[in-house]
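Features as listed in TrEMBL:
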| type | residues | note |
| --- | --- | --- |
| DOMAIN | A:24-492 | domain 'Cytochrome oxidase subunit I profile' |
| TRANSMEM | A:26-47 | transmembrane segment |
| TRANSMEM | A:67-86 | transmembrane segment |
| TRANSMEM | A:106-127 | transmembrane segment |
| TRANSMEM | A:147-169 | transmembrane segment |
| TRANSMEM | A:181-204 | transmembrane segment |
| TRANSMEM | A:229-253 | transmembrane segment |
| TRANSMEM | A:265-282 | transmembrane segment |
| TRANSMEM | A:347-366 | transmembrane segment |
| TRANSMEM | A:386-406 | transmembrane segment |
| TRANSMEM | A:426-445 | transmembrane segment |
| TRANSMEM | A:465-496 | transmembrane segment |
| TRANSMEM | A:524-544 | transmembrane segment |
Amino acid sequence: MKTTLTAYSVVQHPLHFDLCEIDRKLILGMILVGFGSLALGVFLGLLQAFNYAGVGLYQFFPGLKSYYHGLTLHGVLNGFVFPFAASNGFLSLTTIRGLGLRMPPFLLFLSLFSLIVGTGLSFYGILFGNSAVLYTFYVPMRAHWSFYVGIAFLVISTWAISLAQLVTLRKWKKEHPTDRIPLLAYASILTYIMWDISSIGAAVEDLFLLLPWSLNLLPGSDATLTRTLFWFTGHPIVYFWLLPVYVSWYFCLPAQVGAKLYSDLMVRSVFVAFLILVPVGFHHQYADPGIGLFYKWAAAVLTFGIAFPSLVTAFSVVYSLEMGGLSRGGKGIFGWVKQLPWKDPSVCAQILAGLAFLPGGMTGIMHASVNMDLLLHNTSFLPGHFHLTVGAAVALSLVGIAYWLVPYLTGKKLWGRSVARWQPWIYFFGVLIFSSGQMSGGVLGMPRRTALALIPYEPLAGWKISGTLTAIGGSLMFLSFLIFFFVMIMTILFGLKERQADMPIAQLIHGPSLKGSQLIFDKISYWVLLCFALIALLYGPFLITHLPPKLICQPFQGF
Amino acid sequence: MDKLERIYLWIATVMLGIFMMAIIYSTLVLSIRIPSDKGKIIVKPGESLVQSVFQTPPFDHPGLYKRGEKEYELVIVGQAWAFNPADIEIPLNSTVRIKATSLDLQHGFYIASTPVNIMLIPGEITVFEYKFKKAGSYRIICNEYCGMLHHAMTGTITVK
């Protein structure tokens, strides 16, 4: 395969770059809070994996109270705090780097502050306020007010970053009125705009329906409405987890393997597609009563549509990897694979994460298939699926990013590189075993979110094998995280001083065009309007026929 | 855009198109249907949801009712943490029209090893049809989280 290298005259990324000391500390703070929460989150994950094997370990941890408290904490820490914190930190850095301008430090500080307050309050709400409502809220189950306030603060921490990005972009545009927005910043900013729009649903639910209700200011709650609002956010949140990783796969990974990024047009269209196709949440409600078929089928079509940009990403990333392998002396169709720098834990983790995303994406398409969902809905097939996507593609990539980002931010050399290079492999095989256990169990009817160690009936045929695989895989995943956290702690405490010059950023093969139809990609407001039009089309009829809220459900605390 | 890229994008588009056609086929030709908007529990002012559910037919009398030759109606009320009725006997090869709702929380009504996997949501009525073609004992599982004894919410269906 021949690649034509076009000489491109526009400077993609500012050349001389130094991250300001205050920004460096704030971003490091976000990353540390994120991985700190993850450390607790994965420990709870281990307990859950054993639960599937029929082994209840919760009695040894009386503070946790029950499987469901642990599960709520696992979801909130690994689904909200960790990805929010990691995105806030990583995409702040890429925006600053992409635009060559500082973001307002006050907003960065506000973000870090809200993140810490939000984590603390939701932690308190779950363990001391008895809020075992899981991370999907499950109205009319009612949590302590501190839980809802904590969640609100977590969302505010992301909005602060988005605001900081937009302020900085505005400033950049004043300085460069005729230039295309630098691609790295474009991708980072669009990720947050997508999230701003998609977080509206859960934010409205949390602030206007649930928080007043938990303070006894509302007589009841509306299960269908809150469910719909939650899933309005609850699916696009997946893309908010994923897109920071795409930023790394597009921009950092090619540079790390000595390759280039394929095309500017491709990256811009991928991020715009994710922005437009926000309203897919109804596909979590295929099995729900009270939601008409129009919404379910429309969501199915849009969900298939949103698989498309991920397929494009797969193309671009593999293309870059192949280029990297070939430039390192790889021969033949697959010879380049061997030549990739597998010994670099950061590269290894991200490639393996991408590989795990393959079955993750396929099972996602299975779930999106309207009526096939009846076989899989709420079975353990689902956690099997999303541990391959968020649990591997995202988490393992963020681990990979941390292998260069933490040294970059602390100015310390990565400690124990030879140990760290095995960590991604252990995780990769762990998550594959874990997910095959969960999925095979799901097909045999094993329910998700259920304390299987305590069921009052005989496990159905095959559940025991599936549960055992889950526990084995989960243990391997946990073991690999122990290695990762050990390496990180040693790096921070005992790493040798070494200033890294710059973050890895790949150059482009096909750069942006400076005139013609492509300029429309930089008119971000057009795409936002298009997104709102689609939302109005899909959620408008539902809200018009459903509102006002039917506050008929009495609060319920299941303990 | 170069040739390789174009070919790849076409393959991706055609593949997703085929998947979509397969789902449409399964719905229109194989009649595999999902639940939709089939009625609500109306709560009158001053009443609680629980009272309203028990005053709304057919939920005033949960159970299995014969509605025709090989046709049955199964009325289910879910509550924390039980199904009413919990143990059901159904004659072989009969089509069962399930009508279900919830008294309090969100619940799942899943009959293991069948596509009967539907949500019970307070205030909403779920309607779903299924024909039991295999004799045996089926386990009913609540697979939507509903509190501390969620795992204990179960039942059985015996088909003979």
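Cβ coordinates are placed from backbone N, Cα and C, and glycine is handled just like the others.
Here the transmembrane segment (A:265-282) lies next to the transmembrane segment (A:229-253) in space: the count of CB pairs under 8 Å, restricted to residues six or more apart, reaches at least 3. Counting Cβ pairs under 8 Å to the transmembrane segment (A:229-253), the top-ranked stretch among A:67-86, A:106-127, A:426-445, A:465-496 is A:67-86.
Long-range Cβ contacts of the transmembrane segment (A:181-204) within its own chain (Cβ-Cβ under 8 Å, at least 6 residues beyond either end) map to 12-13, 87, 91, 94-95, 97-99, 151-152, 155, 158-159, 161-162, 165-166, 169, 172-173, 228-237, 239-240, 243-244, 246-247, 250-251, 261, 264, 267-268, 271-272, 274-275, 278, 281, 505, 508, 512, 521-522, 524, 528, 531-532, 535. When Cβ distances are compared across the two stretches, the transmembrane segment (A:347-366) makes no contact with the transmembrane segment (A:26-47), since fewer than 3 pairs at least 6 residues apart fall below 8 angstroms.
Between the transmembrane segment (A:26-47) and the listed ranges A:67-86, A:386-406, A:426-445, A:465-496, A:524-544, the one holding the most Cβ pairs under 8 Å is A:67-86. If you average pLDDT over the domain 'Cytochrome oxidase subunit I profile' (A:24-492) in this model, you get 95.
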